[in-house]
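Copied over from TrEMBL:
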- A:29-311: domain 'UvrD-like helicase ATP-binding' (DOMAIN)
- A:Ala50, A:Gly51, A:Ala52, A:Gly53, A:Thr54, A:Gly55, A:Lys56, A:Thr57: ATP binding site (BINDING)
- A:312-579: domain 'UvrD-like helicase C-terminal' (DOMAIN)
Amino acid sequence: MMDDPFEIDEFAASPEMRLQDAPAPDYLANLNAEQREAVEALDGPLLVLAGAGTGKTRVLTTRLAHLLETKGQTERLHPQQILAVTFTNRAAKEMQERVAHALGRPVEGWWLGTFHSLAARLLRRHAELVGLQSNFTILDSDDQVRLLKQIMDAEQIDQKKWPAKQLMGIIQRWKDKGLSPERVNESVEFANGGAKYLYKIYQERLAVLNAADFGDLLLHCLTLFQKHPEILRRYQETFRYVLVDEYQDTNVAQYLWLRALAMVHRNICCVGDDDQAIYSWRGAEVGNILRFESDFPGAKVVRLEQNYRSTPHILAAASKLITFNDGRLGKELWTELDTGEKVFVKGVWDGEAEARLVGEDIEALQSCGIGASQMAILVRAGFQTREFEERLITLGIPYRVVGGPRFYERQEIRDALAYIRMVAQPDDSLAFERIVNVPKRGVGKATLQTLHQYSRDQAVSLPAAALDLIGTEELKPKMRQAIGGLLGDFKRWREMLETTSHVAVLETVLDESGYTDMWRTSKEIDAPGRLENLKELVSAIGEFENLTSFLEHVSLVMENEQNADQEKVTIMTLHAAKGLEFDYVFLPGWEEGVFPHQRAMDESGVKGLEEERRLAYVGITRARKRATVSYAANRRIYNQWQSALPSRFVDELPDEHVERISDTGLGNHRGNVSPGAWGADDWMKMPSWADNKPAESYNPYGGTGERRFASAGWQDRVRKNVIDVKPDGETSYTTSSKSSKYKVGDAVRHRKFGPGTVKAVDGNKLEIHFEGVGTKKVVDSFILPG
DNA sequence: TGTGAGACAATTTTT
DNA sequence: TTGTCTCACA
């Protein structure tokens, strides 16, 4: 049953009834003055600037409960008239549970979720008004790029020069800004003609395929609002109260969407922290916070500054760090908690030692009776999790990786989903392409090329093209039979859907298509596991009303299944850790180039650096009792050793709140070092970073380095030579001291291609002519001065 | 059409 | 080291 906001049902139970039944809720108890103010200002625009650990979630929860309770009774506010937007599905789920808990009864029917899931819900009802059918497919980023690649093939665009992935990034960023192809064209700001053209074709193609990508969900809504003010009007009237969490991370499209919907009742409450804005790479605009007061004149602003989470040392260290950023709104966090431990900063020899150190600390904590679920390892990037996983496996410590490879990203699940998509939505070209030859049906490149050609020329989807072509001599008889058979199957399965449950249909599809047989007869070692996963998928689909809602769930909501019953150490990225808290937090990999990440600085200069710093701030403030920062002097990457400098953030932490263990050498760590760990003396053997030696010539186990950097201050000296952040955003960084940025005409050397001359420079990518090898495109970190 | 060998380039964050 | 891509050959 679709819930329609225009036709709000009467209450199942009358307000009077509930008043008697429910005990008087005490959710308002134990709030401090500011929190209470934020909770009770129900009407009118409200901006809550909530620092880390100030009870933001609590305020949101209580506010929602308060709304439902008071307005539900006095003004017959129905849950369906509340629009509550969170940043992640996890947060939405948590909110649902907490509000239910506070009220002592479950709340249903309200519009609670992420921007994308809410926009999708809204869009499905009006899809035909933006040129889609209501069963449109939502493409994941993989499919997006594949589709763009096809378009570029057809347009004969050199994908070496313009990688589809990169162009898709540009297009998505336009969508983040709320710019449709037409709007991009009008806009003077963007000069990239090629990308504009591709964007237009891409959107046309999406319409033919009856598909929308992530950005479209919001963008189509905006178009809908613009072209059909009467529809917008009805939603505006419906949503009497709007709540937004993590407001600092909304992008322009989301902001426009919100503003459009909140403009009539103006009961909008946004909660955010400018110091925790870490998604500008995804188009988020911190400026939305500043704009709030001008959009909603007379808006009330409440600041939450009392931190309930962290010890004073942790709080002070994080606060000091974030002051290195300019242009903050400025908050002063304070706490009443007792002084706890200082923030630990540990320098180690290499990544392995770092993992060992963290492992030891975790073991030590466990032996004190502290549960593993109170500990987290927060890394900058996904690939860093592996070292820690390996170490924890060796130690036998249970852990879980949040945001790792997802269930539905597995090959067999994606294949099965492609079958479901084809059944649910006959025009899904990408799904068709994926499974047309899985299991093998003899349909190869040549055949597909013919189909693509036809589908482009006629502006129809791939399956539609196939349907046309099997009736012609265009394809070989064998192909016609194979594809015709498959299309016939799909037709049959679709008809079957009308009479049979979709669970049974899915089983039939997987069976009759030969897909399960393919794995059953497969000799691959993980084939049985894949069959298991398929079974799981079949059982999961049973919980949904129809295939479309299942597919939407998979692409927008579905999260990794985690059995939370066991005590486990959490490993995740800093981004994923936003909004969470742990007693003991490990923050490894604080090295220049890793964190702050090189790419962030290359692409956005000082702005990028500040965002990285906010990320560091988020990391430290996740900790309640202890934060341990660590950095390694060397990292082995693909069997090659690379030396690294400690992150500048390490230096920015205030000494009075930090305990640095690297200064006295590693041997002093806790007074005991496991056999094989590097002692103080080994620290002296550090390779000299100032030398112009290629990184791979180091052998950290050979001990051939020179004694050089034993004294304090060397970091600064080396860094001055090496890193050069220019104010306008141009950054250059390299581990060899003499080179700054390469320019055209420079003589350089590549470890494989030998000497060469720079022919062209594009960011950190160089086009170099190598003698006897030819012209190559390489990244400048692989280049040494000639 | 399917495959296997060899060339090549190289590391973010996610709804 | 590893994933992706191309090209030659079966």
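Glycine is no exception: its Cβ is also placed from the backbone N, Cα and C atoms.
Least crowded of the binding-site residues (A:Thr54, A:Thr57), judged by neighbouring Cβ atoms within 10 Å of its own Cβ: A:Thr57. The most crowded of the binding-site residues listed here (A:Gly51, A:Gly53, A:Gly55) is A:Gly51, judged by how many other CB atoms sit within 10 Å of its own CB.
When averaged over the domain 'UvrD-like helicase C-terminal' (A:312-579), pLDDT in the model lands at 86.
Other than A:Ala50, A:Gly51, A:Ala52, A:Gly53, A:Thr54, A:Gly55, A:Lys56, A:Thr57, the residues of this chain whose Cβ falls within 8 Å of the Cβ centroid of the ATP site are, in sequence order, A:Val59, A:Asp273, A:Leu304, A:Asn307, A:Tyr308, A:Arg309. Non-local neighbourhood of A:Ala50 (ATP binding site): A:Lys56, A:Val59, A:Val271, A:Gly272, A:Asp273, A:Arg303, A:Leu304, each in the same chain, at least six residues away, with C-beta under 8 Å from its C-beta. Around A:Lys56 (ATP binding site), a 10 Å sphere centred on its CB holds 23 further CB atoms from the protein chains shown.
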